[in-house]
Each structure stands twice: as structure tokens, then as C-alpha cells.
Amino acid sequence: MNENLFASFAAPTILGLPAAVLIILFPPLLVPTSKHLINNRLITTQQWLIQLTSKQMMTMHNTKGRTWSLMLVSLIIFIATTNLLGLLPHSFTPTTQLSMNLAMAIPLWAGTVVMGFRFKTKNALAHFLPQGTPTPLIPMLIIIETISLFIQPMALAVRLTANITAGHLLMHLIGSATLALSTISLPSTLIIFTILILLTVLEIAVALIQAYVFTLLVSLYLHDNT
């Protein structure tokens, strides 16, 4: 029986029960904590990456924006870990589900907008009407800017979903082609398998880049509203 092309994106179950809870709780096990005075190389590397990410995200923010540092660092680690675990064979990638990505994007976007209207009300309202706009275009521009504001969380979620899903589908197709050619032509199989390895390396990079892009855009929205 041929496997459905989108079967890998279906929510998994264990003994008929949803495995989402186990999937969510598993990544923290990959980030060990040390009780020793001197950390080992793994924990030192993790701390260096967290400090580097925090520095990259927080340099542009003021005091109010820096209160989000823990949230943003946790977000990028969660998305990156989830994307990388999804590259394992027969695993499930939650970030291929638009519903999950919207559940991350909408609250974060709404939080930045609420902060903008609370602490910088005039500047937040000024975004709806650029300075120097001709009077006849004012109603149209207000509508356009309002629509663009509400599209931001959708763009965040769709971008992450589309990039991760496209990569997984391409890997699935090339992997299927490798298996199909294995009994027909050995040279063709080696070529396709080499392409599959290169694509896997590329997908690892995409998984990390998409986590960074998602978090960076949230950080930019926060910067605009604080």
C-alpha cells in the first residue's frame, strides 16, 4: 500500500491516545542541567548559544522590551528543537500544523500590540496614517494599514508552516525516488541519495533559520511597540 504524501503531517497517537503531550515534554529532556561547579562542554555550548541569541535579540530594545528576553529565547529554542526533531525518520513535526503556529503567533503579536497601545498610544495610532499623506487617500491608507497590522500573525504562521512543510515534502519525494531506483539503476540511486543527503543538511539549516526568523520578527514587532 502506498503511503499518503501528507501522512507524516497527521497528528500521531500512541495506543489510540494523542502523543502531543509527549512531543511537547520531550525537548526539555535534551537540555540537561548540571549540578557541578564547572559545567561540561555541552552545557557551556548551550549557555553560549543562549547568550548569543539573547544579545542579538535584545540590543535594539529598551528596558520594557528587554523584559521579553526570556520569552524570546525560550521561543527560538522551542521552535528550533521542534523543527530538528521533526527531521528524524517517522517523527512528527508540530510546526507543520498551521493551527499550532497560529497559536504561537497570535498571542505574541497581540501582546506587542497591546504594549504599543498602552505605553506608546500616539505612536501606535500614528502607524495607521503615515505623515504627509494626501487628504483624499487618508481613509484608504487607514484601511490598508489596519489590514496589514492584522495580517502580521498570519504571515508569521504561514511562513513557518510553508517552509517546514515544503522541505519535508521534498525530502519525502526524493526519498521515495531513491527507494524506487534502488532496484533499477545503482548509479542513479547513488546520485539521488547524494541529493537527499545534501537536502537533509539544507533542511537542518532551514529549521534553524526559520526559528530565528520567527523570533526575530516577533522581536521587531515588540521593538516597534515599545
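Quick reminder: no glycine exception, Cβ is built from N, Cα and C everywhere.
Features reported for this protein in Swiss-Prot:
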TRANSMEM  6-26  transmembrane segment
TRANSMEM  68-88  transmembrane segment
TRANSMEM  97-117  transmembrane segment
TRANSMEM  138-158  transmembrane segment
TRANSMEM  164-184  transmembrane segment
TRANSMEM  189-209  transmembrane segment
Using a Cβ-Cβ cut-off of under 8 Å, list the residues of the same chain that are 6+ residues beyond the ends of the transmembrane segment (189-209) and lie near it.
-> 80, 83-84, 86-87, 163-164, 167-168, 170-171, 174-175, 177-178, 181-182
What parts of the chain pack near the transmembrane segment (68-88), using Cβ distances under 8 Å and only residues at least 6 beyond its ends?
-> 23, 26-27, 30-31, 50, 53-54, 57-58, 61, 94-96, 104, 108, 160, 164, 168, 200, 203-204, 206-208, 210-212, 214-215, 218-219, 222
